[in-house]
Amino acid sequence: MWLKSDRMDVLGKVWTARKLILVVLIPLSLLPLPLIHPTSEASCAYVLIVTAVYWVSEAVPLGAAALVPAFLYPLFGVLKSSEVAAEYCKDTTLLLIGVICLAASIEKWNLHKRIALRMVMIAGAKPGMLVLGFMCCTVFLSMWLSNTSTTAMVMPIAEAVLQQLISTGVADAQEDSDTIEAPDDDSDKEENLDKNQLELLYRRQSSCGKQELCTLSEEPDRLTQKPSQGPNGHLPQTAVSIPEPQRPAKKNSPYPTKRDHMICKCLSLSITYAATIGGLITITGTSTNLIFAEQFNSRYPEAKVINFGTWFIFSLPISIIMLVLTWVWLHCLFLGCNFRETCSLSKKRKTRREEMSERRIQEEYMKLGPISYPEVVTGIFFILMTLLWFTREPGFVPGWTSLFEKKGYRTDATVSVLLGFLLFLIPARRPWPLASTDKDESSVKEQDSDPLAPMITWKDFQKLMPWEIVILVGGGYALAAGCKVSGLSVWIGRQLEPMSGLPPWAVTLLACLLVSTVTEFASNPATLTVFLPILSTLSETLKINPLHTLIPSTMCVSFGVMLPVGNPPNAIVFSYGHVQISDMVKAGFGVNLIGVLVVMLAIMTWGVPLFQLTEFPVWAITSNVTNSL
């Protein structure tokens, strides 16, 4: 007995220290690889495997694991220390800095909340339309902000609406099917008159002297006083049957009815999925897009095909199709397939609960007051940054970069950093005075007493700047550079030659399924960083346009939606307690499948003429020859 207890204690201590053991054991167990085969390829493979294991297992923080190439490459003679250091700050780092400046201004002045509430007000409070409204505003915000920030911003608004839904459901759950009829419809008047007569008869039979139906909390007392008073016995039996299914739900669950719980699940999960879908649309929408853009442009500097405009044109239809199909999937899974009942746009028939929810949303919007001067400035910068990105090199017409003599010097990061820098200079207070009760003045005074206080401060920027992602992206660039210089990518390509008999679509599908599976258990940026060099080499070996495999894989790596650990938005939604892991797995599997199919459809249809995917490009041939040398 004592031996068994001691053994359990030892196992418990080992399990507690599993991450530390993994950190020490993995490098030591793999050390014979560069010692027995002292080549650049073996040394680079050692560094790549150690870093990948640290990332996948999360034995150390992702940012710390990304620093492993910074000291192992120089130690093994793969890259000089100065060469490795140059990989940790690229053009995309500056692009991210500028976007975070704009995101800090949006969050500081509550512009995101105004956009979200306005879009939900337009959608209405019908369950199906409410979910669609929240999904649309989440997709729009996630295009420009990080998926995690967007989910953290939108989820509290959704939670307020859900709490209002739950609180009104306790008192009037029996009125879910009752509606407020419009006075301009004759048939509705007749139905309303019949219903009023039934309610009057109900009140007379139950001796309830109030002007409206008794609530569920009052129903048990009334029934015990007068168990049967109807002449035919039907009405009291109907009254008895109303509260029965509600009592256990009220005791065992915080939700008035099972349908309320389903609405909470559907709305919560829709927000995290919408954040993922919105992040696909722009290069800056998620860190994986930035990783792909920088690694692709570094590996194929002559390509000149990936920019904000081309990515947007390709990914926007994907996101729209995914948004619609995901909404339909969640609706059928949690709310049923009766779209006519839950998605009616008619304002003639509304339940009391829907009216209460709409009133709560309007109250939240009214609390924001009239649009303020800082919100206007932020909105102008938001539109200006988007326009400058689109018109830099649109492709079908000369962009504004053609106005400059030297070509290739200005990128999307140039625009991003310029506008982000201006937000540190422009005062948040209106330059011309208005009424003393102006909301602009009062809000700015609360923020800072300095009359020339800027739109954002460095503290505002630091709160949102994801330095861990910056270092992680830099570590990925360093790994890619080491694979290229050491010749490891060429060696991997030779091992993949047996796959040359597969058609391009089959190779792409296998890559999408592989990365979408791995990313459920590992972080999205780490997964993509490991697979990008391998897939690039595979494409060059099989003479396939690298974009044919790299773009779909980049998008599918974001579909880690089946588990709370898949990505931070999942964890945020899961923390609110409306969904269980089984709900997330069941719903996420459908979303994952939808995503892979839609991405495959896109790369086989409108992606072909957009990126000339039918031919092996010259810039890929040049890169392949350079790597071989």
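Every residue number used here counts from 1 along the chain in the order it is shown.
Backbone N, Cα and C atoms are what each Cβ position is placed from, and that goes for glycine too.
Positions annotated as transmembrane segment by TrEMBL: 20-37 (among others).
Through the fold, the transmembrane segment (44-72) approaches residues 19-20, 22-23, 26-27, 30-31, 33-34, 78, 81, 84-85, 88, 467-469, 471-476, 478-479, 482-483, 486, 488, 518, 521-523, 525-527, 529-530 of its own chain, all at least 6 residues removed from its boundaries and within a Cβ separation under 8 Å. Per TrEMBL, transmembrane segment is recorded for 44-72 (among others).
Long-range contacts of the transmembrane segment (92-111) within the same chain: residues 144-146, 149, 153, 283-284, 287, 290-291, 293-294, 368, 372, 374-375, 377-379, 381-382, 385, 411-413, 415-421, 423-424, 428, 443, 447, 455-456, 460-461, 463-466, 469-470, 473-474, each at least 6 residues beyond the stretch ends and with a Cβ under 8 Å from a Cβ of the stretch. The transmembrane segment feature in TrEMBL is assigned to 92-111 (among others).
Sequence annotations record features per position, and here TrEMBL assigns transmembrane segment to 123-145 (among others).
The region 'Disordered' annotation in TrEMBL covers 172-192 (among others).
Per TrEMBL, compositional bias 'Acidic residues' is recorded for 173-189.
Per TrEMBL, region 'Disordered' is recorded for 216-257 (among others).
With a threshold of 8 Å between CB atoms, the same-chain residues lying at least 6 positions outside the transmembrane segment (271-293) that come near it are 92, 95-96, 99, 134-136, 138-144, 146-148, 150-151, 154-155, 158, 306-308, 311-312, 315-316, 318-319, 322-323, 326, 330, 412, 416, 466, 469, 472-473, 476, 524-525, 528-529, 532, 550-551, 554-555, 557-559, 561, 567, 569-570, 572-573, 587-588, 591. TrEMBL lists 271-293 (among others) with the feature transmembrane segment.
Residues or ranges marked as transmembrane segment in TrEMBL: 305-330 (among others).
Under the heading transmembrane segment, TrEMBL lists 371-390 (among others).
Same-chain residues lying 6+ beyond the ends of the transmembrane segment (411-428) with a Cβ under 8 Å from its Cβ atoms: 91-92, 94-95, 97-102, 104-105, 109, 283-284, 307-308, 373-374, 377, 381, 384-385, 388-389, 392, 444, 447-448, 451-458. Marked as transmembrane segment by TrEMBL: 411-428 (among others).
Marked as transmembrane segment by TrEMBL: 469-493 (among others).
Taken from TrEMBL, the feature transmembrane segment applies to 505-535 (among others).
The transmembrane segment annotation in TrEMBL covers 587-608 (among others). Only residues 6 or more beyond the boundaries of the transmembrane segment (587-608), in the same chain, are considered here, and those with a CB under 8 A from a CB of the stretch are 269, 273, 314, 317-318, 321-322, 325-326, 329-330, 333-334, 505, 508-509, 512-513, 516, 547-548, 551-552, 555-556, 558-559, 561-563, 566, 614.
Under 8 Å from some Cβ of the transmembrane segment (20-37) lie the Cβ atoms of residues 14, 43, 45-46, 49-50, 53-54, 57, 59-60, 76, all in the same chain and six or more residues away from its ends. The stretches the transmembrane segment (469-493) and the transmembrane segment (505-535) are in mutual contact, each linked to the other by at least three Cβ pairs under 8 Å (pairs 6 or more apart in sequence).
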